[in-house]
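Enquirer: To start, I am sharing the structure in question, which I have written as structure tokens.
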């Protein structure tokens, strides 16, 4: 099971990081672009069918070649018919069968010739013939195996009586040799179907081929068994009737077909012969009349027109499509190298992110191409619009850039909008103004999706984008030479529709993509931050100390992340959930023990360390079970990094002594170290919050010194080596922690309390919670023992 898990992790690591996978995705995009650039079969002259009447005469504009498909098909059929059926001859089958007979008889005779055991004194000796018989019958399975057929007990008894004589063996081998040399075919009726043409007989061991025309000379299975008696008649003359039947029966059952039909080889040769047939072509000369006006279209006319359209497309459009494909490749490579390569390579699973971008890009290109092929032709034929540009503005192309910004950031959304808009324009054969329309609308759509933390942002972004596209469309429309108010109105409507559709598409696709690619959006993080979430509610009820600790860690992490420009919401929610693994054994963590006995006092240090280490694995399992998302799961896995559980490590050293050479790795968390700034911030917040509880007099100076010490320890332990965090960031994080912790542990103003007789006045630390002491209270506790009772109850 461990090896299987390791193999799965290795495969996942390969798919997630290997450059070959990225090259495959680039190839997939280019292949998709190539398919989309191939236009449909255009009717360059007329979309005429057989039986239609030509509206005008059509001449060939150039020389072109046309194939006579009927003549070509006839030639191919003749070529296939000329191929002889192939049969395989197994020339060694006879010798193998005869060798088995000889080996079987020889082995039986050798058993008969073996010396008998000497008689033992005092024991009645077994008759020699019984001993030999027992050995012979014990070897019967071996005899049958050598012959390759079962032998009845009666036949075997007769062979035993004849001592497996050389004569019987020779008669069987002579009969078999004669039958196999002639040839036995599995199905003679099928063979005789080729009697008029003959067959190709291919010897398997030598690959020698001969053409056989006399097919009747070969035996079928039934005929071969009949020929056993005919061939054996002169050989068996004078022998006992039982012996003749024995030899004939064994010979008949030993015969198997050694000539078999090879259908696959025959079919292969027919295909090869067909492929060698060249198409029957004839040339159409330039200016040759293909179809006259008023003439009814025949099948030949249709063939000529289709051939002309096909060859013109191949010659004139291939060059244009090749240029478009090359330009698309340069756009993709430039965008990837300048804008995506570095930020995506720093993520844990870069290939998954690239696959997401590729999927979104191919989807929007396919949508645009489908619209171009299916919808535009119908509208063009209806004559509604003189240009397709207004309709193309209704495409929700900007929604793709909005999705990228939602799942990544503006830094990826803007270049994606540039790449996407350029490629859509190439696919649609659009002019430069329309390309600018797609690029700018995608960029603004991505801009309005920043910090999307509510569902209503999709609607707001949609109508904002709709208005922006209307303004953009008006600017492009006013550049046109021909001004048409109705067309302008339709253009603005379609432009606004495209913006709204982009917002709707983004809202509809976001949850699906979030599940498919295991992404965590800010909207999902806000849902996870709800205290009524099952895990947080369990933490509050079952491990209140851990819950309180997690809330403070989340607050510290959020403030620090905001300070350095990281994802503050992810840091806060990661802080809330980083210790959910403690729900498995809450009482083994000191914050949940409520001042009671420490469960670790009775455990060995190694076992205590194992319990602490296990809470990380348990947390990962819970996160996956409750589908918290990859981002939160990573923080849970990385919030301790590879740090040392120093308390139990030192305790183990104290118990066993330095000489025992305790392995420090057994007391380290399994890791990995933090891979993101948010995970590093949660690690530091976790350590700082826990350490701050040990301060007896938490002054601002002491808090600052503690924070600096804890962060320095983490830094010097190389826990931050694998994340993108700088020394400047660490100073800002420390300043943020100081501010929050100083606010939590600030000194309260003391206030005076009436002094007891002969004593000084007491002071309380909470001025906003003081309770005046009445005379009744003094009478209820005249000896002043109330504080002791409160301590005993655990509330003082």
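The first residue you see is number 1, and the count goes up from there.
From the backbone N, Cα and C atoms, a Cβ is placed for every residue, glycine too.
According to TrEMBL, the protein carries these features:
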| type | residues | note |
| --- | --- | --- |
| COMPBIAS | 767-790 | compositional bias 'Basic and acidic residues' |
| DOMAIN | 542-700 | domain 'HD/PDEase' |
| REGION | 755-796 | region 'Disordered' |
| TRANSMEM | 21-41 | transmembrane segment |
| TRANSMEM | 323-341 | transmembrane segment |
| TRANSMEM | 353-379 | transmembrane segment |
| TRANSMEM | 391-411 | transmembrane segment |
| TRANSMEM | 423-449 | transmembrane segment |
| TRANSMEM | 461-478 | transmembrane segment |
| TRANSMEM | 490-513 | transmembrane segment |
Enquirer: What residues in the same chain, six or more past the boundaries of the transmembrane segment (461-478), come closer than 8 Å to it by Cβ-Cβ distance?
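Expert: Counting only partners 6 or more residues beyond its ends, the transmembrane segment (461-478) has Cβ contacts under 8 Å with 389-390, 393, 398, 402, 433-434, 436-437, 440-441, 444-445, 448-449, 452, 487-488, 491-492, 494-504, 506.
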Enquirer: Please identify the stretch among 353-379, 423-449, 490-513 with the greatest number of Cβ pairs below 8 Å relative to the transmembrane segment (323-341).
Expert: 423-449
Enquirer: Give residue numbers and ranges for long-range contacts of the transmembrane segment (490-513): same chain, 6 or more residues beyond its ends, CB-CB under 8 A.
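Expert: Here the qualifying positions are 356, 385, 389-391, 393-399, 402-403, 406-407, 441, 445, 449, 455, 458-470, 472-474, 477, 519, 521, 523.
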